[in-house]
Amino acid sequence: MHGGQGLLFLLPLLAVHMGAQARNQEARLLADLMHSYDPHQRPAERDSDIVNVSLKLTLTNLISLNEREEALTTNVWIEMQWCDYRLRWDPQNYEGLWVLRVPSTMVWRPDIVLENKSQTYSTSEINLQLSQEGGQTIEWIFIDPEAFTENGEWAIRHRPAQMLLDAEAPAEEAGHQKVVFYLLIQRKPLFYVINIIAPCVLISSVAILIYFLPAKAGGQKCTVAINVLLAQTVFLFLVAKKVPETSLAVPLISKYLTFLMVVTILIVVNAVVVLNVSLRSPHTHSMAPGVRKVFLQLLPQLLRMHVRPLAPATVQVTRPRLQNGSSSGWSLTTGEEVALCLPRSELLFQQRQRNGLVRAALEKLEKGLEPGQSQEFCGSLKQAAPAIQACVDACNLIARARHQQSHFDSGNEEWFLVGRVLDRVCFLAMLSLFICGTTGIFLMAHYNRVPAQPFPGDPRPYLPPPD
């Protein structure tokens with residue numbers, strides 16, 4: 001029992017002694033290496049020697065892309081490898097110690113900073129190159145699948161890396177050589193399709209539906225179209241707050257919103273023009289024969305519209321115009337105009353007087369003329385002649401007034417039919433423009449993709465070989 005306790009005490013003491021001895025070897029090695037080491041001096045045995053520095057970039061997270069500021073935020077690890085001849089030792093002199101880890105501030109480091117997208121340095125002091133693993137150059141940005149977090153808005157399509165030399169820059173200046181790391185990303189469109197594009201398409205469809213209102217409902221049409229225009233302006237304002245303030249390129253979503261606003265403005269203009277045509281009358285406008293033929297005969301047949309049969313064109317065309325602008329085939333005489341302006345009581349008195357004279361003459365004709373009454377009958381007819389003429393003139397006046405009103409109503413209906421036909425033509429034009437423009441911009445977005453290869457004409461995939 002006592003022997004077992006002694007063995008247990010011996011093992012911890014041995015482990016502590018070996019750990020202390022290993023730490024002593026590391027401390028002795030570190031002291032020997034740093035005895036005359038200058039971290040500010042380039043590790044070159046001769047001034048003409050060039051230090052080879054290998055670079056490897058590991059992407060751990062694609063955080064965000066600020067499109068307005070044109071800034072990409074990522075988390076990356078930069079791995080740099082070089083050979084420092086002053087940090088060599090013989091492991092046998094330090095009890096087989098092969099690896100020594102020291103703080104980076106104690107050794108020389110290449111003055112390389114990741115600036116936007118590339119690493120640059122002077123070739124007269126440092127030779128930049130891509131890292132190699134298994135005899136293969138790593139010409140891509142390495143992604144650790146266990147540590148990488150996928151971004152919800154952007155997808156990485158290509159991540160190549162290239163070693164570039166600028167022949168125009170002198171070899172002793174920074175920028176002659178550079179290692180460029182590319183990130184070709186593509187937006188995941190689901191967010192914008194649901195929150196911006198789909199509402200804009202639906203709201204713009206409402207503007208197209210205003211053509212189903214009557215042609216004379218121009219005020220209601222303009223109200224609906226202006227409300228749609230305000231909604232589109234709000235969406236355009238929200239998008240403008242996110243896109244960069246540059247004139248070099250315009251985002252497709254801004255182009256589409258601008259296109260929808262132009263279509264809505266054209267719809268408002270169409271509604272105003274159709275309302276102006278629909279409310280015309282023969283008193284204010286005269287319809288040309290060409291307009292009547294195109295809008296009342298040809299276009300209704302092409303558009304399959306039901307239009308009431310019109311009066312003969314000869315009657316409508318040959319009607320002379322009065323001085324007040326109305327179209328009619330008759331004019332009122334001065335006596336008829338005075339008669340129409342008489343008071344109602346005086347007109348009734350004159351009508352009764354004329355009716356009495358006419359009735360007396362008719363009674364004599366019914367009873368038959370007695371001998372010696374022919375002269376008296378002729379006198380009665382002479383007295384009744386003005387009354388009969390006045391009755392005939394009154395009937396003609398009523399007929400002419402009804403005919404004038406009929407032609408006036410027919411002229412109003414013709415202008416209303418022209419407005420209907422023009423409204424249908426505008427509807428088909430705006431619908432075609434809306435469908436073609438929307439389809440064209442969507443096709444532009446569909447074909448605006450990241451190319452299959454990161455560099456045109458270079459067949460290399462710049463990706464690690466499949467396992």
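Note: Cβ is positioned from N, Cα and C throughout, glycine not excepted.
What TrEMBL records for 27-119 is domain 'Neurotransmitter-gated ion-channel ligand-binding'.
The feature domain 'Neurotransmitter-gated ion-channel transmembrane' is assigned by TrEMBL to 196-442.
If you look up TrEMBL, you'll see 1-22 marked as signal peptide.
The transmembrane segment annotation in TrEMBL covers 190-212 (among others). Taking Cβ pairs closer than 8 Å, the transmembrane segment (190-212) reaches residues 153, 220-221, 224-225, 228-229, 231-232, 235, 238-239, 253, 256-257, 260, 263-264, 267, 271, 423-424, 426-427, 430-431, 434, 438 in its own chain, all 6 or more past its ends.
Beyond its flanks by at least six residues, the transmembrane segment (224-244) meets 67-70, 196, 199-200, 203-204, 206-207, 210, 251, 253-254, 257-258, 260-261, 264-265, 267-268, 271 of its own chain at Cβ-Cβ distances under 8 Å. TrEMBL lists 224-244 (among others) with the feature transmembrane segment.
Taken from TrEMBL, the feature transmembrane segment applies to 256-277 (among others).
Residues or ranges marked as transmembrane segment in TrEMBL: 425-447 (among others).
Across the residues of the domain 'Neurotransmitter-gated ion-channel ligand-binding' (27-119), the predicted structure has a mean pLDDT of 85. Here the transmembrane segment (425-447) has long-range neighbours at 189, 201, 204, 208, 211, 252, 255-256, 259, 263, 266-267, 270, 273-274, 299, 303, meaning same-chain residues at least 6 beyond its ends whose C-beta is under 8 angstroms from one of its own.
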